[in-house]
């Protein structure tokens, strides 16, 4: 009994001189054939289907590399749609590289820009916040470090404008009053202390 579908054999490296009858006459020596098909567009290969797989394998072993009408034959068992497998691999690998690149560009563009923006004002703004809370820096020192339009934007973000001017005037006034009162009390007490001794 033959195989249910037969076994197809690929025959390559054919010249224009090789015809269907030539292949059929050569391959039928090794077993019963179901069909012989020669490609014309593009030319150069053919398929020969054997009824029995054992006969097909024997023909491949003997005829592969042999010469027929000036053609050095390439004869092997047909593997079935090998082109799709080769085409699928590179497409998958190429698709994965395009997504990481786009992802890298997108994330790098937005993330890097945000990082540079934070980095340009992050250290000075953090020092400025500590300066406001401790009452040692004031608005004048903040403006001196930053200066220009960038200082104006950051004063709005970190409580500048009226708040900074009110704080600077209030802190200087309170500091002056405190310093004056403490100095006055110290001077007023020192003569009394000396008089007692």
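Every residue, even glycine, has its Cβ placed from backbone N, Cα and C.
Per Swiss-Prot, the phosphoserine annotation among the candidates 78, 110, 172, 188 falls on 188.
Summarised as a single figure, the pLDDT of the domain 'RRM' (7-80) averages 95.
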